[in-house]
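Comments concern the structure below.
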Amino acid sequence: MSEFNFISRLHNRGLISHITNEDNLSKLIENKSISLYCGFDPTEESLHIGHLLPLIMLKRFQIAGHRPIILIGGATSLIGDPSFKEKERVFNSNYNVNIWTEKITKQISCFLDFNCGKNSAVLLNNNTWFKQINILSFLRDVGKYFSVNTMINRAAVKQRITRPDQGISFTEFSYNLLQAYDFFILNQQYQVDLQIGGADQWGNISSGMHLIHRKTKRVVYGLTVPLLIQSNGIKFGKTESGTVWLDSNKTSPYKFYQFWMNIEDANVYYFLKLFTFIKVSEINKLEKNKNINNQIINDKSLLAKHITQLVHGKEKLLAAERITKFLFLKNTTHIEESDLQQLKQDGIPFIEVSNVKDLQEALVLTSLAQSRTQAKNMIISNSISINTEKIRKNHIFHEKDKLFGKFTLLSRGKKQHSLLCW
């Protein structure tokens, strides 16, 4: 197999966890444009960064000339995928699923090109076909092709069945068949030859391939991207403050940008290969020079920049960079009023004030100091800044301290901040 073909390039970036019939799939996609799909169940009002790799994989295939199909699980989300879940999901209402579907559809739309000719992206909802099938038809036309013994022994289900405190309901157990039917319908109606997903979807993808082969004798393919786990064993994208969402109203572009700036050093160059479109040869050069002048910090910034722009766009990336420079590089030149409003929304402690006179009082009010005495000592020890400027003696506030006439940023060291809102 040529080292320059598409599948080899995906391997070179570490993007493939599982793949079926690799040689045949590689020949297929080198010789013609194929249709592939990935499903997303709207079980929340936003996707999170755990969904990024499959989305970016679809984008890579589209750039290579193939047609990506996004399948929104309007029906399957009413059941919930039990794969590797420790306990049964809480059912979502039709009302919530419909609202979440609209929101997630808008999020996904910015990743792919829906107007580029023959390989334009397609957006579908599996509720379209599931609302037309009855239970007896489904059991006769789909269920008869599956062995319960095989289904029980799939790793995604087995861990639930073997736990004494948790079983699995027939409802969740049937999810595997529903997703298999999705693949079958897409193969029949949209000529889909490949399903992609996260590594935890391998069992569901395999079931779809099995169903298609049993019913039609056709050969189709599956490919999964790796599941990313942090060194503490927690899934990538989970932080102490919660999930990192793609929706800017749930995780601001600034917080999103900072998440990537704070990843473990060991992951920087791997993630550049996974999440960006920078050439592997260029990434390897960056890694070779990572210890020169602390270059790895710049490389983290490069990663954060590429992914933030991909998810949130250029304008919100620039705002995230302005806030970062303001807080960490003491650069107030280009800060905008909306950036400070964003800081307030992002959870930086703030208090509404009107008649605070001096810095010591403000430090106590914001809990950056426990007493005026402690505040005085912190000021003397050069630990306190006003709008990123170090203060060495008690300070009486003036209008010039109020950015845009409204905000004063107090900082204790590099990481503790509080915003005075006048």
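Cβ coordinates are placed from backbone N, Cα and C, and glycine is handled just like the others.
In the structure as shown, the Cβ atom of Y175 (L-tyrosine binding site) sits within 10 Å of 23 other Cβ atoms. Annotation source Swiss-Prot lists L-tyrosine binding site at Y37, Y175, Q179, citing sequence analysis.
Feature annotation from Swiss-Prot assigns motif ''HIGH' region' to 42-51. The average pLDDT for the motif ''HIGH' region' (42-51) in the predicted structure is 93.
According to Swiss-Prot, the feature motif ''KMSKS' region' maps to 235-239.
Annotated ATP binding site per Swiss-Prot: K238, in sequence order, evidence recorded as sequence analysis.
Residue counts of the domain 'S4 RNA-binding' (357-414) by helix, strand and coil are 19 helix, 14 strand, 25 coil (DSSP-based). Swiss-Prot lists 357-414 with the feature domain 'S4 RNA-binding'.
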* Structure fact -> Taking every pair from Y37, Y175, Q179, which the record gives as binding L-tyrosine, the longest CA to CA distance in angstrom is 18
* Helix, strand or coil at Q179 (L-tyrosine binding site), per DSSP? -> helix
* Structure fact -> Cβ proximity for Q179 (L-tyrosine binding site), under 8 A, sequence spacing 6+, ordered by residue number, returns G39, T76, D81, N204, I205, S207, G208
* What is the number of other Cβ atoms found within 10 Å of the Cβ of Y37 (L-tyrosine binding site)? -> 24
